[in-house]
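Quick look at what Swiss-Prot lists:
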BINDING   14, 347, 348  Mn(2+) 1 binding site
BINDING   306, 311, 359  Mn(2+) 2 binding site
């Protein structure tokens, strides 16, 4: 069957959820002060930002963000009388609310065994191996779930004095190593992270979803994380649609941390890591306007919504970031060809008004736009992997483990 769209561009607004998922009662955040576990049933990332701060997003509104099915309408994003895009929301079936699980399911995998997390910190034998390899001691007090900004505030001054490593985790299946660039170079930090990755793979006795290098600079009281972040992920456990496209000879472009999330599997052209989300949009536009990119798939992650504002529970910053992205949408649409398809979605929620600091179990919004559409409408509620099933059908490759294509509905 001839392809309907020559190029498909998928943009993940990291953590921009649109209301609690049906199984949100099984997922929890912990009150920072009382440590009480509160389920995610009342989470609603877009809804609460729209209600508390307000959102001025004329471009997303025209596309139909306000038309996405909800129990109550978005306070400051009215439904469009004639939305310019197909819209819906998608439910996750995998047993996790982390970045890897969300992205892997979007690409067609069904993760029923959640990645292990380490709420009590990492075991002593692992820390000792890292110390032996690196020749540096580890600050044991940091070895627990920690906010990335708080951990360098609390232990950065000590690291500047002693050169010890700051190793911490979160509610996600990650091991993060923070290193001040004046004390531990990026090159050294990356080597340590590569070593930790090599000893924490599946079957090693302690499996970790991602190892993350977190370089930072500055002085005590004014530390700032840099754009030198690197993620060392596991390779997907099964073949994703991204990999199927690559193997079929279809050009695949990654923007932002997509290449890290999939451990480069299925990525032909990596446009690099984003300095920030606006830089990420610039990199997407650079890919879209490449003369050689005539057919294929681009996959973009914009992480600031999550990393800078969601985890820090910054409603104002989060709302401003959404508005900034909305302001760039005309450029993205202008760069589209007549037979391009643009899909804008998320990978989980991270309600900045919610208790705790963790992701929230939510539906994700889906906007589907092409200049060729005649009368777009609201689609039935689906599942994350429907995105990749649609991409797979368009490019005549087999879908992955799960997902139902909605390609025929796009006219």
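Every residue gets a Cβ built from N, Cα and C, even glycine.
Cβ neighbours within 10 Å of residue 306 (Mn(2+) 2 binding site), excluding its own Cβ and spanning all shown chains: 27. Of the chain residues outside the Mn(2+) 1 site list 14, 347, 348, 12, 13, 15, 16, 17, 99, 102, 103, 306, 346, 349, 350, 359, 364 have their Cβ within 8 Å of the site's Cβ mean position. Just so you know, the Cβ of residue 14 (Mn(2+) 1 binding site) picks up 24 other Cβ atoms within 10 Å once every protein chain is counted. Same-chain residues that are not part of 306, 311, 359 yet have a Cβ within 8 Å of the Cβ center of the Mn(2+) 2 site turn out to be 14, 15, 307, 310, 348, 350, 357, 358. Sequence-distant neighbours of residue 311 (Mn(2+) 2 binding site) (same chain, 6+ residues apart, CB-CB distance under 8 A): 147, 148, 170, 350, 357, 358. Residues near residue 348 (Mn(2+) 1 binding site) in space but far in sequence (CB under 8 A, at least 6 apart, same chain), listed by position: 15, 17, 92, 97, 98, 99, 101, 102, 359, 360, 361, 362, 364. Residue density at residue 347 (Mn(2+) 1 binding site): 29 other Cβ atoms are found within 10 A of its Cβ, drawing on all protein chains shown. Rounded to a whole number, the C-alpha distance linking residue 306 (Mn(2+) 2 binding site) with residue 14 (Mn(2+) 1 binding site) is 6 angstrom. All protein chains included, residue 359 (Mn(2+) 2 binding site) registers 32 other Cβ atoms within 10 Å of its own Cβ.
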